[in-house]
Amino acid sequence: ATRAGDLTPLQLESLREVCELNVSCDEMADTAGIVAAYIAYYGPIQF
């Protein structure tokens with residue numbers, strides 16, 4: 001599984017930019033973290 005520590009700051013920012021367009025994903029990111037939220041809404045991270 002991908003963890004935040006496995007990604008560069010630029011990759012994390014890319015995930016945030018996608019996730020913040022979806023209110024539900026953005027809210028989940030605030031509580032569960034950006035990686036968990038992105039995977040829940042968009043599937044595996046493709047970097």
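The backbone N, Cα and C atoms fix where each Cβ goes, glycine too.
If you check Swiss-Prot, you get these features:
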type	residues	note
DOMAIN	1-43	domain 'Gla'
MOD_RES	GLU13	4-carboxyglutamate
BINDING	GLU13	Ca(2+) 1 binding site
MOD_RES	GLU17	4-carboxyglutamate
BINDING	GLU17, GLU20	Ca(2+) 2 binding site
DISULFID	CYS19-CYS25	disulfide bond
MOD_RES	GLU20	4-carboxyglutamate
BINDING	GLU20, ASP26	Ca(2+) 3 binding site
Pop the Cα-Cα gap between GLU13 (4-carboxyglutamate) and CYS19 (disulfide bond) into the table, whole Å please.
10
Whole-number mean of pLDDT values that fall within the domain 'Gla' (1-43):
95
So of CYS19, CYS25, which of the disulfide-bonded residues has the fewest other Cβ atoms within 10 Å around its own Cβ?
CYS25
Have a look around GLU13 (4-carboxyglutamate) and count the other CB atoms within 10 A of its CB, chains all included.
11
Spatially, and counting Cα to Cα, which of the recorded positions is closest to ASP26 (Ca(2+) 3 binding site)? Options: GLU13, GLU17, GLU20.
GLU20
Cβ neighbour count (10 Å, all chains) around ASP26 (Ca(2+) 3 binding site) is 15
Any idea which of the recorded positions GLU17, GLU20 has the thinnest Cβ neighbourhood at 10 Å?
GLU17
Round to a whole number and give the Cα-to-Cα distance in Å for the pair GLU20 (Ca(2+) 2 binding site) and GLU13 (4-carboxyglutamate).
10
For GLU13 (4-carboxyglutamate), what is the secondary structure state per DSSP, taken as helix, strand or coil?
helix
Cα of GLU13 (4-carboxyglutamate) to Cα of CYS25 (disulfide bond), in Å and rounded, measures 14
How long is the line from the C-alpha of CYS25 (disulfide bond) to the C-alpha of GLU17 (4-carboxyglutamate), rounded to the nearest angstrom?
11
